[in-house]
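*Asks:* Take a look at the following structure, please.
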Amino acid sequence: MKDLVKFLKAQSKTSEDFDVIKIGLASPDMIRSWSFGEVKKPETINYRTFKPERDGLFCARIFGPVKDYECLCGKYKRLKHRGVICEKCGVEVTQTKVRRERMGHIELASPVAHIWFLKSLPSRIGLLLDMPLRDIERVLYFEMYIVTEPGMTDLERGQLLTEEQYLDAEDRWQDEFEAKMGAEAIQDLLKGMDLEAECEKLREELQETNSETKRKKITKRLKLLEAFVQSGNKPEWMVMTVLPVLPPDLRPLVPLDGGRFATSDLNDLYRRVINRNNRLKRLLDLIAPDIIVRNEKRMLQESVDALLDNGRRGRAITGSNRRPLKSLADMIKGKQGRFRQNLLGKRVDYSGRSVITVGPYLHLHQCGLPKKMALELFRPFIYAKLESRGYATTIKAAKKMVEREEAIVWDILAEVIREHPILLNRAPTLHRLGIQAFEPILIEGKAIQLHPLVCAAFNADFDGDQMAVHVPLTLEAQLEARALMMSTNNVLSPANGDPIIVPSQDVVLGLYYMTREKVNGKGEGMLLQDPREAEKAYRTGEAELHSRVKVRITEYVKNEAGEFDAKTTLTDTTIGRAILWMIAPKGMPYSLFNQTLGKKAISKLINEAYRRLGLKEAVMFADQIMYTGFAYAARSGSSVGIDDMEIPAKKYEIISAAEEEVAEIQEQFQSGLVTAGERYNKVIDIWAAANERVAKAMMENLSQEEVINREGNPEKQASFNSIFMMADSGARGSAAQIRQLAGMRGLMARPDGSIIETPITANFREGLNVLQYFISTHGARKGLADTALKTANSGYLTRRLVDVAQDLVIVEDDCGTHEGLVMTPLIEGGDEKVPLRELVLGRVAAEDILKPGAEEVLIPRNTLLDEKLCDVLDANSVDSVKVRSVVTCDTDFGVCAKCYGRDLARGHLINQGEAVGVIAAQSIGEPGTQLTMRTFHIGGAASAAAKESSVQVKNTGTVHLMNAKFVTNDESKLVLTSRNTELTITDAFGRTKEHYKVPYGAVLSKGDGQEVTAGETIANWDPHTMPVVSEVSGFVKFVDIIDGLTVTRQTDELTGLSSIVVQDVGERATAGKDLRPTIKLVDANGNDIFLPETDVLAQYFLPGKAIVSLDDGAAVKVGEPLARIPQESVGTKDITGGLPRVADLFEARKPKEPAILAEISGIVSFGKETKGKRRLLITPAEGETYEEMIPKWRQLNVFEGEMVQRGDVISDGAETPHDILRLRGVRAVTEYIVNEVQDVYRLQGVKINDKHIEVIVRQMLRKAVITKAYDSEFLEGEQVEVARVKIVNRQREAEGKPPVEFERELLGITKASLATESFISAASFQETTRVLTEAAVAGKRDELRGLKENVIVGRLIPAGTGFAYHQNRHKHRLVDDVVAKLSEEDEAAIADEFVMTADDASANLAEMLNMADDAE
């Protein structure tokens, strides 16, 4: 019986039987054991008989029969001879499919180095032998000898000898020593290595050495050697003596008509290897001259190289049509390789595609499926039904019936389709809502009908888009489709938790029109008893839709018991709103309907319905809203006519005023008062302002009309202009587009982003002249080209994000950490950009939240903050909350539900098994295509806002200055001399209300701690130039300011005023390159002045382009500008906007000129300067002084004697996330990346929850560098997963040993993906060759933890519905381990009990087979 079970188990060789995949080097014996025979001839197929040649590349004796159960000569045919080996042709009688799995081998006449281990950097063979790659190649390709056995000579092992040196040595020492060429030599060297001894030696060296580079090199080698020792791989296996041959069906040869063959490139490559190998064997037998043999060996090496990785070394071997042949390496890498083409994405059966059209009559869970398609897709189901009903006796008969499309077939199709969901998918599938399930409704025609409300999720429109249909076959699949993927279960967007089923376009316009008010409409002032009567009045023509009336409205409010209480009030409303109220579900307040509904308000309606009444009601409500919207949009009769674009009368005076201003600036420029750059900036500012004014005038004109009310007096009301209504409701178009239709087109951008200073004053209604048209095409075309390129970039970003985050899954409920992030509202300028509520909604509190000013606990820790609790926070005006975050989660592999918080798409705490990593990646990647390459473009129109130049406060409160340094000028105002000063206004309770960044050189009228009133202007500055502010009073002394060398003097002909302009270093003559133009301040006697309370000279270096309007010796007072530096013009500012910025952040790239941060806290001083750098010293209270060399042109924010904190900015620039992590820790870097990424998305109006970005940050931070290893398994300086270190530290703590010390490291997403523990995942991402080489040498094991690895080996993923399956497998594995530990005797005892008869056995077998079926 036991053997029987074993036999059955052996039969079911499924993918279930392994839990880990190991990759390693194959030894020659291993390759021979895989092989079914040696391939000796290069022949493939006999061209006449089409039979494979014996011993050739397709030999049937080695690889198996060509036809099922038939030997080659035809002696044995049929199943009864199964397993017989024919004595004539030597072919085993079995199935043909063995030709897909049986391998052969080639015995190489001379060893050959494996190119992957040789050329893949860093070269593994080179690292192992500690030799440079060039030297190894010289030996391998027979240019030099290498000493393999020095014997008693004074040669060294591994020394290279040229031909002459070798001959000399042979003369001197005869056969005392051994030196060889080619792969044999390398093989001998590798064989002779004692790995353990070498490891010991390196460890000692590591202890002794002090140099960093040496240390790195030794660590690298040591790691490789240890990997070899641990994995049991032998170094000499990197040189092959036996070459495996791929099974023939994986490199097919197909006869085409006309006697030609289509062949896989691999066959050519193998043929080449076999030919050269056979020729070499023959030469060796003939004992040919050395030089000929050598040449043949080199050619063999080259041909094997080409087979393994063509083009890796030298020129690629090409086929007949000059195309490089596709080698084994090419078969697995790249988008068309095995991993990405066949393992990660497969084409599936039971699918179809067609064009989509609107189905406005459908319910949200339905879609229209053309009958023809349905018949084809559901074929097997129809056959089964036809047979079981007895309409057809065989499948063949059923097939005929379906082909004839008999009447009964349609009835059965309708029955089969009932409640059988299908999946619709629109490419590109950017997030999980790109595939949703619907119930099909059979329709005539050939187009799929789609519900309009799901278009937003699919990003579909009906201009010819196509969609694919898939049929879930098994019961489980249907269940998943219905429970998880049904469109009605995907009302909320996983990216931000807002409804994604929101009406747009027609529906919005219809509802907006319906809920508008009109002064003095027909029937105004009527009293109506209920909405039904209102509808009656409208239908009979007694009242207009927009008339203001009084209606009795009955609202239903949920009471404590969960039942509805009715409440009726007489409400001032309009007919339309009363009619709309009829579709409102019970439990909604009328106030939400009693307003003019725009797109935002409608979205809020659906959101409220979902939150108050649950999913079902919300979905039904959304459907009703859609039907109503369509109906009333049709009744509104809105259309666009040319007269709707009303041009404001003021337009022409505004434009002529602007033209006058421009002319004035031009005069100033000609008279030398302003520089060219300043003139350009000011002109652009003037036109931008003019454009704004025209737009304002136009909107005022469009948006209001004057009417006579019932009393006969004129009154203003919102206009019923069609274009205005479309934009105002949010249905289509925007103010910016109407501006171009009826205002002026405004400033246009050139393709490089700079702005053309002559605007287009015409609009589309007036029409453009030729020049204006030409200017506008210039920028607009760039937009189109950008869009095409952008899509690819966006897709690639998504791919990298998914790859880095794919194995992050919710694995437990609570990790128990008290850590978290502190959330505060984001305030920019005078307004709250993001309120606290939005930041904490759906998060879990990390600590008890206390009532401000009291010790009372409002909300205990570990509570999920939902809408109600957020109301509590608002009511108590809490302004900072510490919430749990995935970045601080303590779970080892995965995250816990409490740290993640709410599942945004479902509205409750997230379930275990949810793949949060993939969701995060999709949420960030999906809007990627909307992020423009350059920041703003509206049809190429540039919107250069007039730059800010002052701070005007909006709230009364107290001024607070952060990081501020200033001097007081003689008007007793403050002049800032610090660079990142932040100014905040706080109210009486100390809550921040406004937040501004104030630049260097700004003049403040109020200081720290002073009161201000709303509307007061407290700071102003020149937006176009940056001053150099004098911090002491004194007299100007020029240093290195030499006319013609470092500066040019510009004198104005008209005014006679002269100014000095400093030249850029690049423009100067050689003599002036090293000079540093500086303004020094001296006292009346010419002595140096020091800055107050320091010993730093009052001297100011002038950067290039700075303009000095003072003369040598002029007197200056404190706070006066010494020089001004023109700021870069608008539009050409080098802000990487949009997608590239997001990519840079996630790749953790270092900016060009990064900010310099203080490495330690202490007092700043300056040491001895070198030619181009200054030496900055920071002296801490105790410990070593830190010093850093800083280039002189960097402007410093610190002065001598100043106290800095670790992580403070010393010199401005873009901050590097790596520095932030090192100096300020994990939380700071998380905050930095989240805020920076959010800035980009907010600018485009895209809402993404912070959680998703944090998930990616967690994955970027998952590696650590060991700083102190003690006696653990790690090496110092080694990069390890943080989770691994934590696990080891827990064990060490239990044993009472000191914990391993480590520093967190931030990796860019690409690097992090490649550094993952799973080699399968990394190999299928990028750089396949390098990853596989590294993994094989180290003998890596893949635990199949992530999603990708499991997809590749064809299993359910360990997330979602596959999560439980994997947990069960894990349990079974533990049970099996326990069972295996039962002693052998028990097993023998058990076996005795199993004495049974044949009948018993067969009965038992039947039972077992049934059980197996059930299990499946």
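Keep in mind that glycine also has a Cβ here, set from the backbone N, Cα and C atoms.
Annotation source Swiss-Prot lists Zn(2+) 1 binding site at C71, C73, C86, C89, citing sequence analysis. For D461, D463, D465, the entry in Swiss-Prot reads Mg(2+) binding site, with the evidence type sequence analysis. Residues or ranges marked as Zn(2+) 2 binding site by Swiss-Prot on the basis of sequence analysis: C815, C889, C896, C899.
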*Asks:* Just give me the nearest neighbour of D463 (Mg(2+) binding site) among the binding-site residues C71, C86, C896, Cα to Cα.
*Replies:* C896
*Asks:* Restricting the comparison to the binding-site residues D461, D465, C815, C889, C896, which residue's C-alpha is spatially nearest the C-alpha of C71 (Zn(2+) 1 binding site)?
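*Replies:* Of the binding-site residues D461, D465, C815, C889, C896, D465 has its Cα closest to that of C71 (Zn(2+) 1 binding site).
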*Asks:* Give the sequence-ordered set of same-chain residues, not counting D461, D463, D465, with Cβ within 8 Å of the centre of the Cβ atoms defining the Mg(2+) site.
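*Replies:* Counting only non-site residues, the set is I356, A460, F462, G464.
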*Asks:* By a simple count of other Cβ atoms within 10 Å, which of D461, D463, D465, the binding-site residues in the record, is least packed?
*Replies:* D463
*Asks:* If you run the three-state DSSP split on C899 (Zn(2+) 2 binding site), which class comes out?
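*Replies:* Once the DSSP labels are grouped into three classes, C899 (Zn(2+) 2 binding site) ends up as helix.
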*Asks:* Out of these binding-site residues, C89, C889, which one has the fewest other C-beta atoms within 10 Å of its own C-beta?
*Replies:* C89
*Asks:* Enumerate same-chain residues with a sequence separation of six or more from C896 (Zn(2+) 2 binding site) and a Cβ-Cβ distance below 8 A; give 'none' if the list is empty.
*Replies:* I810, V811, E812, D813, D814, C815, C889, D890
*Asks:* Compile a sequence-ordered list of residues in the same chain as C86 (Zn(2+) 1 binding site), six or more apart from it, whose Cβ lies below 8 A from its Cβ; state 'none' when nothing qualifies.
*Replies:* C71, L72, C73, K75, Y76, E92, V93
*Asks:* Other than C815, C889, C896, C899, which residues of the same chain sit close to Zn(2+) 2? List them in sequence order, counting a residue when its Cβ is within 8 Å of the Cβ centroid of the site.
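*Replies:* Same chain, not in C815, C889, C896, C899, Cβ within 8 Å: E812, D814, T817, R884, V886, T888, D890, T891, V895, A897, K898, Y900.
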*Asks:* If you count Cβ atoms within 10 Å of each one, which of the binding-site residues C71, C73, C815, C899 comes out on top?
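*Replies:* Top count of Cβ atoms within 10 Å goes to C899.
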*Asks:* Other residues with Cβ within 8 Å of the Cβ centroid of C71, C73, C86, C89 at the Zn(2+) 1 site?
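*Replies:* Other same-chain residues with Cβ inside the cutoff are L72, G74, K75, Y76, E87, K88, G90, V91.
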*Asks:* Using DSSP with the three-state reduction, classify C815 (Zn(2+) 2 binding site) as helix, strand or coil.
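*Replies:* Its secondary structure by DSSP: coil.
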*Asks:* Please name which of the binding-site residues listed here, D461, D465, C899, is nearest in space to C89 (Zn(2+) 1 binding site), Cα against Cα.
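*Replies:* Closest by Cα distance to C89 (Zn(2+) 1 binding site) among the binding-site residues D461, D465, C899: D465.
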*Asks:* Compute the C-alpha separation of C899 (Zn(2+) 2 binding site) from D461 (Mg(2+) binding site), stating it in Å without decimals.
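*Replies:* Counting only the Cα atoms, the answer is 38 Å.
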